[in-house]
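Read the structure below first, then the notes.
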Amino acid sequence: MEDDLFQLRHLPVVKFRRTGESSKSEDDNISGEHEIQIGPVQTELEAVELEDGTTVPKEFANPTDDTFMVEDAVEAIGFGKFQWKLSMLTGLAWMADAMEMMILSILAPQLHCEWRLPSWQVALLTSVVFIGMMASSSLWGNVSDQYGRRTGLKISVIWTLYYGILSAFAPVYSWILVLRGLVGFGIGGVPQSVTLYAEFLPMKSRAKCILLIEIFWALGTVFEVLLAIFVMPTLGWRWLLILSALPLMLFAILCFWLPESARYEVLSGNQEKALATLKRIATENGAPMPLGKLIVSRQEDRGKIRDLFSPQFRCTTLLLWFIWFSNAFSYYGLVLLTTELFQAGDVCSISNQRKAVKPKCSLACEYLTVEDYTDLLWTTLSEFPGLLVTLWIIDRVGRKKTMAICFIIFSFSALLLFLCVGRNVLTVFLFIARAFISGGFQAAYVYTPEVYPTATRALGLGTCSGMARVGALITPFIAQVMLESSIYLTVLVYSGCCVLAAVASCFLPIETKGRGLQESSHREWGQEMVGRGTHNVGATPSHSGSQE
């Protein structure tokens, strides 16, 4: 009894308010502590009022109870075996996304020659994939917020696998145009793997882990180029499409293990499922669960686009849309531009060809050579140093400055393409540019899930991904069509766009470095109460203390 009284003396002074009772009273101006009278009368409490007059939700009405939220459990359990498995599984989906994107720069010149396609049809073949992604990104985000992250991810991956294999059997241009568009529709949901992944990560390792999962993207691009080197000269592009679907097939087989996000379960009212998921993670990691009861967050409408434009997120949403647009516009533009530059030999060769009086036939083509594939591989390998640089600076200078630095260095590297240099120096310039634009993309993937609350996290990431696809949709007409008119204007467009993106990064109103994931768009009472001495993390699990 004495211990209980000792604990109560050290708790914040609170006043209990009855249902319907005004929060203002005549005693508000009286200084000193308010006594808590406990009598036999049962009174329904709707809130607790702290000394500063702030109201706490009724689930915290008893300050002596041990309670915890999902964020507290994730922090207590930490990073372990479960997260390593999740990294590998969601990484497969990420790797497949990269391969489907990388295949565009390989497939387009091949079909240009084999089917004698004009340049605008080649550009359209690339753009239709991004049209599908743009149309579906917000939809998959809404599905993930409404029905669960796992559900949205599984459906999108199976969809992509089906139409990806089917497109290998396309007999004519119109068929492959439609089927690749449907592939793009499915790929629009793959970024939700980042949402699912981030919601299982403790705060101190979240940025590093999300960046490290980007290794699968880099591996996917490298694997696609290596696959093309061996498959294209012998088996052709149809087999390349089939073999490129292998990571998706492996994911579809293993996805039965994939758990639903505990944060999503709590927000949707499935407290028991969320608790079961947390216990599963604790068991696999060999870590104790926090003592007490799992607090259910206030249930909110999920997946509502209007929430992205609430006063607290309106500026963030608009700036992020432009940042994601610029990232994809420049990244995929550089991928396509690399192929064009390697085929020409250098920038000056392209410039001289444009000045020639002899008109250029739009059906003229050149197949990619082994040397072209090798140089493409070298620039693709730049994803790794770009990832390492971002990994090193993102927790030192913050997410916003990291994105700004990457955009500025990319812009400078792109301007170096104005110089008339040989193939080797050109490869170095492209290597640096690709390293930093991919680093900026990776930083955006860290920042976006961190800045939005659970109720709109998947939708926020989905709409940003959709805006990225708008940039990717436009970029073939810059990197492939405008290039025929002016290489210098093409490079200037990409460089200027990223300078503006760097400015936008600096003006983002929220820095998420060292910030926990927000469960709600409202004030996070669970996290505040933890610091008041009522939370017991890391204690030995107790059946009597934990909610079953």
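Placement of Cβ uses the backbone N, Cα and C atoms for every residue, glycine included.
Relative to the membrane, Ser119 and Cys209 are listed by Swiss-Prot as lying on separate sides. Among the recorded stretches 120-140, 181-201, 487-507, the one sharing the largest number of Cβ pairs closer than 8 Å with the transmembrane segment (458-478) is 120-140. Only pairs six or more apart in sequence are counted, and the transmembrane segment (210-230) with the transmembrane segment (425-445) gives three or more Cβ pairs under 8 Å, enough to call it a contact. For the transmembrane segment (487-507), the partner stretch with the highest count of Cβ pairs under 8 angstroms, out of 88-108, 181-201, 374-394, 402-422, is 402-422. Scored by C-beta pairs under 8 angstroms, the transmembrane segment (317-337) has its highest count with 402-422, from the stretches 120-140, 181-201, 374-394, 402-422.
Across the topological domain 'Cytoplasmic' (395-401), the prediction's mean pLDDT works out to 89.
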